[in-house]
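A.B. asks: Okay, here's the structure, questions in a sec.
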């Protein structure tokens, strides 16, 4: 089910939390929704889930507007901080959520069993939620979001509190589900976004500042490439000067550990070829020549800091 | 309605899971039983087979107990954030409020059901007026509905349970005493309006066996108003 968001705005008093944003999420797509704290992520999620109503703009889910229809049944939502009823046993809680989402009595037990297996809750299923560790609480939150097999999954920081193994499991699960569903994943863990998401949306101060695949964002936002080079056969200053004089190279510096040269250039491939030819011509030993990918952190900092 | 019933069942379960229900039942039955049968101006003192004494005591016990059961309904959901969980499911604000209301009313009804042995006992002792007993119970239910609606409204205004309790009690005091005493000290139309707004005016005639549409409408309209304002508050998502 597609989500289309058009010109969405929401203010709290004088403060604009979300400022005229538009984007789409299509079926079978996992979109990573990033942004600094207070950027408007949660407010946007709350408007999509119809918890808050927008001041202006349209949200269309599967062709229907959220202003006139209650479309919450199509959405599975894991809110920020994962609120749960601590005094309810896990199974009872899942049954409660399933009933509220309109699962027929006959299917309910089956769905609960599936969720318990899918989210790895089997050992803890009879405990009260208040007795569970943070990781298990998170799993219960995920299970309640998915119990009615919604076409849309909106997960606000789904892997906080999980250990690395659990993170990988949940990530794989999201990927698997993302094949048939529209998934919006809100998180601060950038490697997770890279590993899971098809597309990245970055929001800052209520506005969308980046929207595209990780690769597209890299080339678009940086416009520069970095190459790490290790050359033997001449003093470092001589080599630095020689590389600096190559066309397209804007600067040559030292890498973080001071062992390698870091070359900043406009086109990585072209400069790499030029460096190779330079070494051949001067009979220097080329020990290492590796392109550096712009990290997502850098893109994130780049678009949200100014 | 199905959604409201799911909420009501869950709330009722949590009353019994968290001991609230047991404490309320024991306290209500202990309190009303003690004053009805054992102490002071009790039922034997009247030399008449009637539950008037019980209805009077029940009115006062419920007046204090109802804010205690309604105080957590929305305040806690707001504090822990579970309200977001509920209202992003296939559940409207309206259904949520009705569900919570039903749960509280059912708990009060269960408490009142435990007093049916009082009725049976008095009926065996003498010639009880069945009509006025039934209208008395009806009056208690209607009055409880009204105070539950007020309690839910108070709970929807804050995320602090104590504040919700005190606020509900305060509004209750206005309906229970202030309107009545102001009404009797004023003359003319203002006095009669204030007297009409007072709970004892309407409750007493019902516990005497008179069903007046005016009384029923009074309780129902305040209940309705309270629930409507609660829903409005919830929809504001403050």
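Just so you know, glycine gets a Cβ as well, placed from its N, Cα and C.
Automatic, uncurated: that is what TrEMBL annotation is.
According to TrEMBL, the protein has these features:
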{"type": "TRANSMEM", "residues": "B:20-41", "note": "transmembrane segment"}
{"type": "DOMAIN", "residues": "B:50-186", "note": "domain 'ABC-2 type transporter transmembrane'"}
{"type": "TRANSMEM", "residues": "B:53-75", "note": "transmembrane segment"}
{"type": "TRANSMEM", "residues": "B:96-119", "note": "transmembrane segment"}
{"type": "TRANSMEM", "residues": "B:134-155", "note": "transmembrane segment"}
{"type": "TRANSMEM", "residues": "B:162-182", "note": "transmembrane segment"}
{"type": "TRANSMEM", "residues": "B:216-234", "note": "transmembrane segment"}
A.B. asks: For the transmembrane segment (B:53-75), which recorded stretch in the set B:20-41, B:96-119, B:134-155, B:216-234 gives the largest number of Cβ pairs separated by under 8 Å?
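C.D. replies: Answer is B:134-155, with the largest number of Cβ pairs below 8 Å.
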A.B. asks: Mind tallying the domain 'ABC-2 type transporter transmembrane' (B:50-186) by DSSP state, helix then strand then coil?
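C.D. replies: Computed counts for the domain 'ABC-2 type transporter transmembrane' (B:50-186) are 118 helix, 0 strand, 19 coil.
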A.B. asks: Sequence-remote contacts (6 or more beyond its ends) of the transmembrane segment (B:216-234), Cβ cut-off under 8 Å?
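C.D. replies: Long-range Cβ neighbours of the transmembrane segment (B:216-234): 74, 83, 87, 93-94, 96-98, 101, 142-143, 145-146, 148-150, 152-153, 155-157, 175, 196, 202.
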